[in-house]
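In Swiss-Prot this protein carries:
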- Glu299: active site, proton donor/acceptor (ACT_SITE)
- Tyr260, Leu261, Ile262, Gln267, Arg268, Met269, Gly270, His271, Gly272, Lys273: acetyl-CoA binding site (BINDING)
- 27-69: coiled coil (COILED)
- 392-481: coiled coil (COILED)
- 33-50: compositional bias 'Basic and acidic residues' (COMPBIAS)
- 189-386: domain 'N-acetyltransferase' (DOMAIN)
- 33-78: region 'Disordered' (REGION)
- Trp218: site 'Interaction with histone H4 N-terminus' (SITE)
Amino acid sequence: MTNRIKSSNTLLTFDANEVTNIKLVWDIEELKNKDNKENKDKENKAHIKDEGEEEEQKEKKEEEEKEDDGGPISFHPTYSHQIFNEDKIQGYEPCKIDIYMGAGSLTSYIDTNYTLQSKNLTNVEGEFLKVFSKQDPPISKQSFYKYIEEKEKLFKPIGKKIHEYSIIDKESGKETEYEIYFGRITDQVVFRYHEKLQIFVLWYIDGSSYIWTDDPNWDIFFIFEKRIIDGEKRYGITGYSTIYNFYHHPEQTRARISQYLILPPYQRMGHGKYLFNSIYQYYKTNDGFYGPIYDITIEDPADEFNLLRNYVDLKNIMDEKLFDNVILDLNANNKSVFEEIRKKLLIPYKQSKLCLEIYLFSKFLGTPNSDTKYKEYRISIKKRLYKQNIGDSEQIEKIKQQVAEENQENLRLEQEELQELQDIENKKNGTNIKVDIKPKELTTPPGPEKNKEEIEKDRLEEILELYKELEKNYHKTLSSLNLISK
């Protein structure tokens with residue numbers, strides 16, 4: 001029987017996210033199980049007789065991959081455009097990239113069938129080396145296997161332990177323990193570990209970039225999973241957050257959450273709230289870079305993060321009963337309540353007001369739309385949405401107008417300069433030629449301009465859509481807090 005190995009000489013373009021597999025390795029047994037499975041797959045492939053059987057084997061393999069085969073935890077990146085242009089890799093079939101990392105140490109090894117046969121191919125290893133740790137770059141397969149077998153078990157969490165918790169799997173009933181650690185970037189151990197860890201923000205936070213680690217104002221919180229393997233404690237990274245310390249007059253610190261990531265295998269399990277609360281608890285009793293923490297803010301939060309933040313903040317406010325004496329009116333003066341929330345919970349004024357919005361929403365559920373108080377509540381929120389969103393578009397229109405005026409002025413100056421040159425020629429030749437520079441025509445003719453009433457109507461429709469989306473999110477938060485039925 002002749003062995004059949006499917007290959008292609010055609011240069012293809014692959015989605016970098018689909019062909020890249022990130023694998024977290026806890027011990028050498030996982031690598032041995034992986035190797036055994038790969039050898040078995042090769043044997044099966046060698047005995048394939050026709051395309052129908054090949055397709056059958058492919059489907060079987062996909063089903064097996066869904067099951068726990070004793071190999072490393074494996075998952076794909078979400079974004080690769082900061083590593084590979086437009087998330088694309090050029091190469092030949094088959095194209096597969098496996099990035100192995102020690103679950104705790106993050107010692108790495110890149111395994112690829114990729115061979116540099118043509119200058120047209122993407123230099124995968126070269127592109128990864130640009131973004132991986134410079135102090136601890138990927139090592140060879142042989143060195144990686146040896147490291148996992150001999151040294152991975154020696155890894156201990158980075159920083160100072162500040163919290164521990166456990167999560168019980170709803171299906172299996174298995175309880176897993178986790179620990180949260182704090183560290184400052186000025187600690188060289190923290191600095192070096194973070195340099196290996198930060199690749200994950202490129203893979204999972206759109207538009208992210210590496211933080212400037214030469215700046216001493218960075219704090220980092222880590223979550224580690226704890227396992228017992230062969231009677232010994234082992235640790236693996238679960239998630240982390242970077243915090244920047246800003247100065248706040250006179251001798252305080254305003255902490256800002258910059259990056260916040262729970263790795264894909266651990267998402268939707270509740271780790272986000274544990275990490276967030278640990279950040280709050282730490283800064284309540286520990287100074288920041290410039291002194292006591294004034295409040296904790298967020299840098300450009302994504303929608304999902306806002307849901308988490310609203311849940312955590314509102315729950316903490318209600319647990320402390322800080323809304324018990326609040327005036328149930330968004331237009332009322334609740335500054336003293338918001339100030340008490342800031343001092344006790346480090347929640348900023350603006351976020352406290354948003355939590356009050358959600359809290360009041362729960363009070364109005366089931367209330368007729370015609371109710372005066374409920375009507376005032378809805379109008380107040382829509383005014384806020386209008387100011388936040390339409391105000392921005394008005395600013396854009398002003399900028400566009402300024403650019404148009406500047407272009408017109410530049411055109412006038414250019415025409416004057418050319419006319420001066422033409423006047424010299426006119427004097428020589430006895431002519432009277434006038435320079436007339438016309439603006440470049442638009443490639444696409446503009447559509448009919450809308451009048452003010454039509455523009456305002458469009459804006460109000462936009463606000464109504466935003467309000468509907470906001471109500472959905474408030475429902476989610478209140479359901480999570482068991483304040484309304486799901």
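Cβ atoms here come from the backbone N, Cα and C positions, even for glycine.
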Candidates Gly270, Gly272: member of the binding-site residues with the richest Cβ shell (10 Å):
Gly272
An 8 Å radius from the center of the Tyr260, Leu261, Ile262, Gln267, Arg268, Met269, Gly270, His271, Gly272, Lys273 Cβ atoms defines the neighbourhood of the acetyl-CoA site; name the other residues of that chain inside it, in order.
Gly239, Tyr266, Tyr274, Leu275, Leu308
Among the recorded positions listed here, Trp218, Tyr260, Arg268, whose Cβ has the fewest other Cβ atoms inside 10 Å?
Arg268
State the count of C-beta atoms found within 10 angstroms of the C-beta of Ile262 (acetyl-CoA binding site), not counting that atom itself.
21
How far is it from Ile262 (acetyl-CoA binding site) to the residue listed as 'active site, proton donor/acceptor', counting Cα to Cα, in Å?
17
Cβ contacts of Glu299 (active site, proton donor/acceptor) (under 8 Å, same chain, 6 or more positions away):
Tyr244, Arg256, Ile257, Ser258
Among residues Tyr260, Leu261, Ile262, Gln267, Arg268, Met269, Gly270, His271, Gly272, Lys273 annotated as binding acetyl-CoA, what is the maximum Cα-Cα distance? Answer in Å.
15
Grab the pLDDT values for the coiled coil (392-481) and give me their mean, rounded.
74
I want to verify one value. Collapsing DSSP to three states, which class is Gly272 (acetyl-CoA binding site)?
helix
